[in-house]
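What Swiss-Prot says about this protein:
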type	residues	note
BINDING	Arg104, Asp141	substrate binding site
Amino acid sequence: MSNLQAIIEAAFEKRAEITPKTVDAETRAAIEEVIEGLDSGKYRVAEKIAGEWVTHQWLKKAVLLSFRINDNQIIDGAETKYYDKVALKFADYTEERFTEEGFRVVPSATVRKGAYISKNCVLMPSYVNIGAYVGEGTMVDTWATVGSCAQIGKNVHLSGGVGIGGVLEPLQANPTIIGDNCFIGARSEVVEGVIVEDGCVISMGVFIGQSTKIYDRETGEIHYGRVPAGSVVVSGSLPSKCGKYSLYCAVIVKKVDAKTLGKVGINELLRSIEE
């Protein structure tokens, strides 16, 4: 355990006692160092190690502690003022820094300090919360929200109104993860630490949490909390055991490999689904 991690872990155990007035200098410095590291991409709340996603709980704890050490303050915006504990990521950005970091931010897009945005990303009017990681070449479309500590892969499209759940409210054990080269359709929600593996296509209006049945119609298998790589998913329902009613589920209607995904348009994949 590093010294930085040890400080965070110790502070978290006595978090109820920590306020902006009582926090000691060492703890404040450690928390701020973590937030800066998350902001720059040096740290990630979750990362793939040996093919498996690993959550660094101490980094998540630092994010939670950051709310304990700061008072609300006035934050100036173009159209109005805000009053919050967390600064905005781009508050001190210059044109040179935007150019150097290489992403686009459309007016009214909001990103909190402590979120990382990779090169070639485009942020339409959307919201990215503290601790989140947005991978290279990803589009966060209009009114999409990326929750606290959520991990978004490379070349992902989060369509209009998509919601990717965070870990802070309500408190979750692990962040929601969207793998590389995924398409999440308009108004879909992926929450509660669900993992969408690489190369998935989620149709519009699909809602997936930890308790959602993810039914593979080819194999009959039911998954929870994980969408297997290369899945094309639509909303559906499954009959109850008594046969008197049906309950919502997500349905894997087909699997595609990276080569097919690269050659075939998203709309074609979704429109070619047989009933």
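Cβ coordinates are placed from backbone N, Cα and C, and glycine is handled just like the others.
Within the same chain, residues at least 6 positions away in sequence whose Cβ sits under 8 Å from that of Arg104 (substrate binding site) are Cys121, Val122, Leu123. The number of other Cβ atoms within 10 Å of the Cβ belonging to Asp141 (substrate binding site), over all protein chains shown, comes to 18.
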